[in-house]
Amino acid sequence: MESTGGPYLNTAAVASPVGIARLLQMTFGCTTFSLVAHQGGFSAAYGTFCMFVWTFCFAITVFIIACEFTHLHSCLSLSWGNFTAAFAMLATLMSITAAVIYPLYFVQVGCYPIGCEVRDFRIAASVFAGLLFVSYAAEVFLTRAKPGQVTSYMATVSGLLKIVQAFVACIIFGALVNDSQYGKYVATQWCVAVYSFCFVVTVVVVAFSVTGKTALLWFPFERSVVIYTFGAVLLYASAAVIWPVFCFDSKYGSPRRPGLCAKGKCPWDSQLVIAIFTYVNLLLYVLDLAYSQRIRFVSHI
């Protein structure tokens with residue numbers, strides 16, 4: 001009996017430039033967490049986060065390669081192009097964070113007190129962590145939307161910015177829970193509400209795009225996203241003004257870091273981190289608004 005369904009295996013999933021990048025991601029990710037688990041070692045929340053990043057990204061990358069190689073992704077109720085583009089951007093952000101954190105907290109020049117063998121394993125793990133980031137960044141570069149190309153929304157600049165916005169919001173939340181004293185004033189609580197609202201809506205936009213359900217909505221999704229982005233710019237602009245005033249103005253807070261504030265447990269440090277990333281996200285939403293005027297959504301690719 002002749003088969004009319006074409007080849008069962010998709011060799012382009014591993015032979016194309018994107019496929020090769022994913023194979024490198026799988027190799028570098030496995031090597032990185034194997035070196036750390038075997039001899040490099042990790043501890044505390046920072047080390048656990050790095051191990052989570054490497055194992056999570058490895059598992060999802062293997063899943064993507066397997067699905068594309070066997071065509072199983074066609075059986076999933078996902079917009080596959082949106083899913084892979086969103087994951088590549090998220091993995092890029094997570095891997096560069098781990099590639100910075102691990103050597104910062106675990107790598108040292110001398111051998112004492114951990115021993116030269118452990119130090120060498122940690123240095124090697126840091127090198128492969130950097131290569132892992134490069135391989136994910138390469139996939140983002142290869143799959144990004146080209147001018148005039150019909151592609152998935154998450155592969156466009158606006159779609160990729162949605163992932164970065166959510167990631168930056170997570171950094172803000174991490175600083176908020178680290179004794180930022182945001183509950184002292186109603187104004188700073190408003191800022192937290194802004195961060196939370198924009199994060200939730202951004203995640204919902206990504207979720208609808210990845211699942212390919214935008215066409216089922218009773219309202220025009222693409223126009224709603226543009227309107228939301230404009231609203232997010234206004235909300236973040238208000239937070240960018242309010243947060244520094246109520247944290248660093250001498251009437252409400254402290255313009256300088258208190259001298260007796262313990263390193264790593266100082267509310268002023270957390271407030272500064274939040275202020276910086278508030279401006280970062282404001283810039284990201286402004287760029288998103290500018291690019292969203294030039295694209296159209298394609299949810300079924």
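Note that Cβ sites are derived from N, Cα and C of the backbone, with glycine treated the same way.
What TrEMBL records for 13-148 (among others) is domain 'MARVEL'.
The domain 'MARVEL' annotation in TrEMBL covers 153-297 (among others).
Taken from TrEMBL, the feature transmembrane segment covers 44-66 (among others).
Annotated transmembrane segment per TrEMBL: 78-101 (among others), in sequence order.
What TrEMBL records for 121-142 (among others) is transmembrane segment. If one looks beyond the transmembrane segment (121-142) by at least 6 residues along the same chain, the residues whose Cβ comes under 8 Å of a Cβ in the stretch are 17-18, 21-22, 24-25, 28-29, 31-32, 35-36, 38-41, 50, 54, 57, 85, 88-89, 91-92, 95-96, 98-99, 102-103, 106-107, 114, 160.
Nonlocal intrachain contacts for the transmembrane segment (154-177), taken as residues 6+ away from its ends with a CB within less than 8 angstroms of a stretch CB, comprise 81-83, 85-86, 89-90, 93-94, 140, 143-145, 192, 195, 198-199, 202-203, 205-206, 209-210, 270-271, 273-274, 277-278, 280-281, 284-285, 287-288, 291-292, 295. Residues annotated as transmembrane segment in TrEMBL: 154-177 (among others).
Summarising the annotation, TrEMBL assigns transmembrane segment to 192-218 (among others).
Annotation source TrEMBL lists transmembrane segment at 225-246 (among others).
Taken from TrEMBL, the feature transmembrane segment applies to 272-291 (among others). Non-local neighbours of the transmembrane segment (272-291) in the same chain are 156-158, 161-162, 164-165, 168-169, 171-172, 175-176, 180, 191, 195, 198, 226, 229-230, 232-233, 236-237, 239-240, 243-244, 247-248, 257; each lies 6+ residues outside the stretch with a CB under 8 Å from one of its CB atoms.
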Tertiary contacts of the transmembrane segment (44-66) (same chain, 6+ residues out, Cβ under 8 Å):
13-14, 19, 22-23, 25-26, 29-30, 32-33, 36-37, 72-73, 84, 87, 91, 94-95, 97-98, 101-102, 105-106, 129, 132, 136
Distant-in-sequence neighbours of the transmembrane segment (225-246), which means Cβ under 8 A and at least six residues beyond its ends:
184-185, 187-188, 190-191, 194-195, 197-198, 201-202, 205, 252-253, 271, 274-275, 278-279, 281-282, 285-286, 288-289, 292-293, 297
Determine how many residues of the domain 'MARVEL' (153-297) DSSP places in helix, in strand and in coil.
110 helix, 0 strand, 35 coil
List, by number or range, the same-chain residues at least 6 past the transmembrane segment (192-218) whose CB is under 8 A from its CB atoms?
77-79, 82-83, 86, 152-154, 159, 162-163, 165-166, 169-170, 172-173, 176, 182, 225, 228, 232, 235-236, 238-239, 278, 281, 285, 297, 299-300
Averaged across the domain 'MARVEL' (13-148), what pLDDT does the model get? Just tell me the whole number, please.
94
